[in-house]
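Step one of this worksheet: look at the structure below.
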Amino acid sequence: MLVTEKPVQLACGDVEGKFDMLFNRVRAVQKKSGEFDLLLCVGNFFGSTPETEWEEYRTCAKKAPIPTYVLGANNLETVHYFPDVNGCELAENITYLGRKGIFSGTSGLQIAYLSGTESLSEPAPAYSFSSKDVSELKISLLSTPKFKGVDILLTSPWPRGVGNFGNKPGEMDTKRCGSVLISNLATSLKPRYHFAALEKTYYERLPYRNHVVLQENAQHVSRFIALANVGNTSKKKYLYAFSILPMRSMDPAELVKQPQDVTENPYQKSGKEAHKPKMLSGAEEEPACQFFFDLSKQHGKKRPSDGKGGQHSQLKQPKKIHQPTGPCWFCLSSPEVEKHLVVSIGTHCYLALAKGGLSNDHVLILPIGHYQSVVELSSEAMEEIDKYKSALKKFFRSKGKRYVLFERNYRSQHLQLQVIPVPLSCCATEDIKESFILQAQEQEIELLEIPEHSDIKQIAQPGTPYFYVELDTGEKLFHRIKKKFPLQFGREVLASEAILNVPGRADWQQCTASRDEAEATAKAFREDFQPFDFSELQ
């Protein structure tokens with residue numbers, strides 16, 4: 001029988017010895033909202049404050065209002081408060097969970113915990129954890145039959161890279177702060193809620209998925225929440241109330257429901273064992289490819305995955321892809337480039353009017369260096385493309401238009417992101433989406449809708465031919481090209497009566513302008529776009 005009544009829990013950030021302030025707050029919240037099942041404390045429970053306040057709790061002169069569970073020391077100064085590494089009662093209603101392990105509350109929730117900060121040495125100090133600690137914790141859970149994940153994960157440090165693909169935590173650089181070991185732990189344990197602290201700020205990340213779309217069965221999502229320190233002067237949130245049923249008590253369909261704002265898993269690059277391709281039984285697959293959708297039985301050439309050759313060999317290999325096989329019309333340094341069409345130049349990418357465009361403001365976003373597709377772009381180039389997309393979206397909106405973006409990685413050697421504005425008065429975004437899908441069906445092209453927050457690099461391997469559409473709402477359509485594909489498909493859909501109603505402009509070669517006309521159009525666009533342009537023209 002499924003449980004229907006959800007227990008309510010509280011999580012708290014760094015207490016730092018401010019016990020009265022915390023527990024008075026808990027009492028006030030309980031008086032207003034009702035009883036809580038337990039209180040989970042991450043970060044520094046003890047601080048550098050005098051021990052007088054703690055003595056009142058240790059000697060039972062005062063008592064925590066609800067069962068309170070805390071993590072261990074994060075520094076040498078507070079180690080003495082935790083007499084038993086395996087966990088113990090510190091005071092009435094206050095329990096130290098231990099160095100690492102699994103705890104089940106009275107409600108049946110499965111709570112994994114890891115105390116301390118990351119250590120680079122073995123054995124780790126009493127206030128730290130090592131890779132061995134993380135491995136032992138993972139093995140103890142992953143060896144459980146039919147393991148799906150844990151309900152809650154408690155750590156003091158943040159996981160490294162938690163902001164990838166998600167909302168940003170203010171000025172925090174999640175690519176530099178936090179622990180890689182905890183990223184790996186979260187990848188394996190798939191917590192429904194993961195709480196951390198130490199950074200003295202509040203950050204609730206968008207939920208992220210634990211499966212690869214179109215390749216694996218849907219799994220539950222994870223939520224990461226970082227909590228601030230108790231009594232902070234900035235009034236950042238340090239106490240978080242949440243309510244969940246134990247995973248094992250839930251209806252499976254309800255458990256795997258995906259919220260609309262779900263994103264890709266932020267730890268894909270740091271968790272080597274994440275998302276092992278289950279569909280490829282009997283086939284060896286290198287870690288670099290394990291996050292791609294397997295949309296065909298053909299696999300690209302394998303890169304060495306045995307570690308031989310060291311780091312330098314892995315860095316050099318992509319350079320083979322980035323060399324044009326002949327004269328390239330789009331490498332900015334190439335003499336073949338029609339520079340009179342260029343309207344903006346960034347550090348890694350540039351913007352140019354499309355030759356024979358569907359309209360006078362049809363533009364291309366192109367990498368300055370030689371890249372065949374979005375899949376092969378460097379992270380720096382991808383970031384700049386996102387900047388151009390954002391700038392163009394604002395620019396076209398100011399003109400009463402919405403943009404449609406598409407890429408055809410087929411019979412082309414240099415990436416061209418086609419950006420076409422459509423007047424708001426012509427049609428709605430849903431009409432554009434429907435037109436692409438209907439015309440694809442008519443030509444027996446399978447256009448798959450992919451999640452809004454998906455990264456194209458998780459969908460196609462380098463060298464994979466594909467066609468990709470992105471709408472102004474963030475909705476995306478994808479087709480894996482297996483044999484032939486109509487080269488003008490994207491233009492034909494947008495030129496159709498249902499959208500721009502310019503069927504005569506479907507083929508760019510039929511609507512090219514003279515050089516003088518093109519220069520005048522480019523100059524006008526450049527001047528018009530200038531207030532939205534983040535780059536400096538050279």
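Here the Cβ of each residue, glycine as well, is placed from N, Cα and C on the backbone.
Owing to the predicted nature of the structure, the values given are computational and were not obtained by experimental measurement.
Lifted from TrEMBL, the feature list:
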type: REGION; residues: 258-278; note: region 'Disordered'
type: REGION; residues: 298-322; note: region 'Disordered'
type: DOMAIN; residues: 317-426; note: domain 'Cwf19-like C-terminal'
type: DOMAIN; residues: 443-534; note: domain 'Cwf19-like protein C-terminal'
In this predicted model, the domain 'Cwf19-like C-terminal' (317-426) has a mean pLDDT of 86
When the domain 'Cwf19-like C-terminal' (317-426) is classified with DSSP, how many of its residues are helical, how many are strand and how many are coil?
30 helix, 30 strand, 50 coil
The domain 'Cwf19-like protein C-terminal' (443-534), counted residue by residue under DSSP: helix, strand, coil:
34 helix, 14 strand, 44 coil
